[in-house]
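*Asks:* Here you go, one structure.
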Amino acid sequence: MDLHELERLRAENEQLKAELASKQHQIKQNDIKSYKGLSFEEHRRYGRQMIVSEFGSLTSQLKLKQCKTLVVGAGGLGCPSLMYLVGAGVGTIGIVDDDLVDETNLHRQVLHSTTSVGRLKCESAKSYLQELNPNVNIITYPVRLSNKNAFEIFADFDLVLDCTDSPASRYLINDVAVYFNIPVVSGSGLRTEGQLSVFNYENGPCYRCFYPDPPAANSVTSCSEGGVLGPVIGLLGTAMAVEAIKVITGFYHNTFKPFLTMYSAYPQQTFRVFKMRGKQKTCLCNHITRQAIESIDYSEFCGTLGPVNLLSHDQRISVHDYNSVRNSDHVLLDVRPKEQFEVSSFPGAVNIPWDSVLSKTTNIDKIDQLQLPPKSPIYVVCRYGNDSQLATKKLLDMGWNNVKDIKGGVSRWYSEVDQNIPFY
């Protein structure tokens, strides 16, 4: 039996133990004394939040217990949101996520553990959450949300948390939520910053009212490309849970005003709250239909950034071909940001970042100042093979003839040639 099989069996055993504990707890609950709709155990469990005046006492706790909340995405935002909503006693929680737990998730997606790697995120989350609070009914949807399955999923819920990281998902979640008149708590985060809002609530604006047009595909940076500080995304997910509790308990009733909260972790932590415009008369949300939603190609609407192909075949080299010339006389130019270069780099590589240096260099004199030997072959590498093409083209356009791009970058080198280097 290999290590992966052992970890799978261990994770399966933990899930079965959690499900058994939940069933046993439910059986006990049938025989436990209750008072005004909550068992004595629930009174003790939630007592410290029920005595907070802003929360709303027993009435608000019962609203949480009766609420059905759907969380789309069990990643960096979804994990803390789920932990605190389940801990707070939301009665039913749905989790939509078809992704698998990966080692690169663990620094920020704190519902998952090392033994969860390879498991469905929604099932890994369920195992943890059932142990956290067996009073909560947790439903998992291990599917990729689409305009074909979203209607059946959303129909049973009172509130949605958008914990996704792509514009296409955000517009889809918004449109289906508007169709069912379900409020949406939406958040996002990248690097050291993030934001959150509440949409489609108290006759307020929807996501489209704020953002009628999607961002350009080449302007959207993912966590894998731009990075993210774990506590930053955790703080934003926790703040989303706070907003969800306020919506569920009616804190904003008749007083809600559209807002956008911006968070920045560096240099000093700051929260800024901006008043936003209300519902727009020209927005699609005023006349949305199921037929219209099902007819939209959300990926096409938001644009997809396909592979960059700026160079001819003879201006590029595969990772295998580069491996065969690696010991010959040449210059390896690594154009990744210096932070990535420091994490993992090839011995002898020269780091001249594309974003901060090469892309801003406008004449050949400045290129000369970079001290690249013009007669030696130059091979250009980046993380995935996109920025390296831009850098190669620029060098070729400015007079360097013996320059080639390494296709697929460090990522492909790691997957196809050599795994004895750190990868991130």
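Each Cβ is built from the backbone N, Cα and C atoms, and glycine gets one as well.
Here the structure is a predicted model, which means the values were calculated and not measured.
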*Asks:* Out of C163, C283, which does Swiss-Prot tie to the same Zn(2+) site as C206, C209?
*Replies:* C283
*Asks:* If I go by Swiss-Prot, which of K63, K65, K121 binds ATP at the same site as G76, D97, T104, N105, L106, H107, R108, D165, S166?
*Replies:* K121
*Asks:* Rank the binding-site residues C206, C209, C283 by the number of other Cβ atoms within 10 Å of each Cβ, and give the residue at the low end.
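*Replies:* Among the binding-site residues C206, C209, C283, the lowest count of other Cβ atoms within 10 Å belongs to C283.
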*Asks:* With L106 (ATP binding site) as the reference Cα, tell me which of the recorded positions C206, C209, C283, C382 is the closest one.
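*Replies:* Closest candidate to L106 (ATP binding site), judged by Cα separation, is C382.
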*Asks:* Which one is it: of the binding-site residues G76, T104, which Cβ has the fewest other Cβ atoms within 10 Å in this structure?
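*Replies:* Selected from the binding-site residues G76, T104 on minimum Cβ neighbours within 10 Å: T104.
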*Asks:* Can you give me the residues near the recorded Zn(2+) site, meaning same chain, not C206, C209, C283 themselves, Cβ no more than 8 Å from the center of the site's Cβ atoms?
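*Replies:* Output for this site, in sequence order: N174, V178, F199, N200, P205, Y207, R208, F210, P212, K279, Q280, L284, C285, N286.
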*Asks:* Taking just the CA atoms, what is the gap between D165 (ATP binding site) and C206 (Zn(2+) binding site) in Å?
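*Replies:* D165 (ATP binding site) and C206 (Zn(2+) binding site) have their Cα atoms 17 Å apart.
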*Asks:* Looking at the recorded positions listed here (C206, C209, C283, C382), whose Cα lies nearest to that of G76 (ATP binding site)?
*Replies:* C206
*Asks:* Between C382 (active site, cysteine persulfide intermediate) and C209 (Zn(2+) binding site), what C-alpha distance do you get in Å?
*Replies:* 38
